[in-house]
Amino acid sequence: MSATLRVGKGAPYARIMGVGGYRPTRVVPNEEILKYIDSSDEWIRSRSGIVTRHWADEDETVAEMAIAASGKAIADAGITAEQVDAVVVSTVSHFLQTPSVATVIAHRLGAGTPAAFDISAACAGFGYGLTVGKGLIVDGSAEHVLVIGVERLSDLTDKEDRSTAFLFGDGAGAVVLGPAQEPSMGPTVWGSEGDKADVIAQTVPWDRFRVGDLEGLPVDAEGQVKFPALRQEGQTVFRWAVFEMAKVAQQALDAAGITAKDLDVFIPHQANMRIIDSMVKTLKLPEHVAVARDIETTGNTSAASIPLAMERMLATGQAKSGDTALVIGFGAGLVYAATVVTLP
Amino acid sequence: MAATKEEIIEGLAEIVNEIAGIPTEEVTVEKSFTDDLDVDSLSMVEVVVAAEERFSVKIPDDDVKGLKTVGDAVGYIFDHQS
């Protein structure tokens, strides 16, 4: 006989209560990238819109950057670390397989014993985290959820690959989700297209680095085995990101029951300025919509890019609390997640 | 009804003008997209997607690499349009 189970008493809705970001101290201009690749500042700017990016120093680890961003998000939300019931971290550049970095971050924040885990959804990771967090709050498994996107992509950058050397940056962005009485997060339109798994990927799996199994690994000019890096098929990614993701973005608007006219802010994953510009055109966004262009000085920080851009837009007055924002992440998998949120 | 080669050139010229700002009269069959018309690899994707819509044709990424000149694109579209 199956017993009748009591279900959790969740909040009617969830909302973003606060946001915080951390950008590494060291700013890396295009000139520095040009030491490694045969290119030009003009070429990099015209292909990507990137002028500078931040690269983390040794002590700016994934955990340390995430802790810094989270502290700000918790303060911005007006809660204490002890009130966090779950910590969800999206990253692809934390190089200790287990335990999850989420447990370390939770402990260091003084959050007590919250649920804590990492997710792997590349540049869509922040949207995946938002979706999981919202579900936990509405179903009663958590009252406050800390969602973090953090990357040290400089560690996964082949500095001799002229198509990607200039692209990636490091940083952390975090939001606190909490209960709401009004709808403040629309449904997520998300998915994966595993048939395109090789379009963006790590060059070599870690287990190829076992001693005695080094044959066939990529090597540098001196014949030294290279650390794995991210590589991508630029044109294929561009086409998918602009034209397929514009459809997903539109579906997220439809799912939330609004149109582009109702939007105040558009925060796409900061992959490439050309993708952002082309998406804005394809989506026919009205002039009044503020568009995140944080990539210019931050580079592509994968899961961290959306919360970092959100934090900067709020800090600089490009966006304000209560604004309606469309966020969309997309990346290796290929995976994607789009949703409409009310800004904290 | 399938487009003629002249109509395809005209259509491509309008697309290249819209995307790269090149005057339509400069878009002629012997021109190279990258070397003569300032259409870089990402703009080329935009040109291809616009051409796909306009001429009801599918141009897979692998085939895009072979389209060096306007004439290459005209020929490809002419042969593959449905």
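Yeah, the Cβs are placed from backbone N, Cα and C, and that goes for glycine too.
Listed ranges A:60-64, A:130-134, A:150-154, A:270-274; the one TrEMBL annotates as region 'ACP-binding' is A:270-274. Across the domain 'Beta-ketoacyl-[acyl-carrier-protein] synthase III N-terminal' (A:117-194), DSSP assigns 23 helix, 28 strand, 27 coil. Same-chain residues lying 6 or more positions outside the region 'ACP-binding' (A:270-274) and placing a CB less than 8 Å from one of its CB atoms are 47-50, 123, 167, 237-238, 241, 292-296, 298-301, 305-306, 308-309, 330-331. Among the listed active-site residues, namely A:Cys123, A:His269, A:Asn300, the Cβ with the most fellow Cβ atoms inside 10 Å is that of A:His269. Cα of A:Asn300 (active site) to Cα of A:Cys123 (active site): a span of 9 Å. Look at A:His269 (active site): DSSP puts it in coil.
For the pair A:Cys123 (active site) and A:His269 (active site), the Cα-Cα distance reads 7 Å.
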